[in-house]
Amino acid sequence: MTALTSGALGQQIIDQVKRLRYLDSLEQVVYCDRWHEMPPASFDYHNQLDGYLAQLRHEAVTAPAVATLLAAAKKADLARTGTVYEQGAYRLLQHEQDEANRVPAALQTASANMDATGQRLWQEVHEAGDLTRWLPFVQEQFDVKTQWAQAAEPGVPVYEALVHRFDPEYSLAELDALFAQLKPAVHQLIAENHGMAPAAADEILTVDATPAQVQILCDKAQAMMQMDPAKTVNYRQEHPVSVSVGPDDARPSTTLAHGALFAVDCLMHESGHSRYNYGANDLVKQAGLWGGIDGALHESQSLFYQRVVGLSKEWWQAFYPEVQAVLPKYRQIAFSDFYAAKLALHIGPNRLDADELSYVMHIAVRYETERAYFSGQASVAELPGIWNAKYHDHLGVTPASPAEGIMADVHWGSGHIGYFQSYVLGIAYAAQFYHALKRDDPEAFPALAGGDMTRINAWLREHVHQFGQLFPPRELLRRATGEDLNPQYLIDYLKERHG
Ligand SMILES: [Zn+2]
């Protein structure tokens, strides 16, 4: 994999892809600005700007010159004869054109505007759990996304088409089978769990910390992750996200609202996205294929750092002394007690501070709730009741209010509908990567206990990060691990930690 192109045609395809990526970058600048910088009164103008960028992208992809280029690539059989970079760029451009030809520009713009409106509305109403303002929006959002799905994949069930926006290689039947395999295994592990009692764990994990102390811990965690400071800018906000504006640009954020250790946990998740975003090799960057594959693969990298690493004994053997140095409370608490508290079950209505067993059930609830709506089994008005009933069935808890229930996550606001399966696929991929990494480099995790993540980062870069969007997700998984998705690795991983 040394040559970028085999000729002028491939170079033209790559040039076209790079122009699209510049537009992606502009969209990300605007998105980042809306989260972090924009004064509230600028919202409508931002929305117009977003709509115009969506229109520009649509025009760029549907231009006659692109059609000519793609026809020439088809004739030349570039998908088989091109370099791997040409093949990747060709596949991306063809996919973009197919979608743009099916989904009218006005519908793309309406969908993008709905996401911007929803993101702002969620920020205004979620704390109060104001369903009277939220549900009418959700109805509009679901209507637009239904139109989008019907245009993008006519004849395919609406929810499957929405899932395909993020995880194009999975059918609803496969996802149903995945949840059917995972749920009983997780239920059993929860039932048999003999870990630290939640109240005792809470007492250990709850700690007073100043913003400055939290900042020190966040900086130390990123240093141990070997984040590149030249490529990283950190933000603070309520709902952590990770934005990437270019191939050497990562903007993770975390929240200070839920305590020092939670801030580190969220930052490790978002920084995992960030490492994947800026980890592409030079030729992948030159082909415009940087940034990683959205959906399950991106979540696999965030969850690898947050859970596989961030809940490992080895990580805490290295990081706990840092915590003890910054927060005096922990100088009195033995490592074994602290680590048992980190692994304790934390079953409640909140996905973000869930333990990793009950986390699977949080994902199942939103997947099943969305699936019920889009298959016509429920109206929007019925969703809060369905949500609460599913929490009761799956986790034995009932959210006290919409704020800690159906409105706790921004996703329906920001347009991430048909997205939650990415989290469970992501942790399943992460567990499969973990298995392959330990097989390939048995010394990687022992080295982490000494504070050295070099070997773990090197494996992820070699097998995942460097390829950016070069391969389809399942092909990348097979190349990295030697097999297609096998959820048993997730069950094995959860048993190793919590069995
Ligand atoms: Zn994530």
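Counting starts with 1 at the first residue shown.
Every residue, even glycine, has its Cβ placed from backbone N, Cα and C.
Per TrEMBL, the Zn(2+) site holds H269, H273; the candidate it also names there, chosen from E299, E314, is E299. In the three-state DSSP classification, H273 (Zn(2+) binding site) falls within a helix. Long-range Cβ contacts of E299 (Zn(2+) binding site) within its own chain (separation 6+, distance under 8 Å): S422, Y423, L425, G426, I427, Y429. Other residues of the chain with a Cβ within 8 Å of the Cβ centroid of H269, H273, E299, the Zn(2+) site, are S242, E270, G272, H298, Q301, S302, L303, Y305, Q306, G426.
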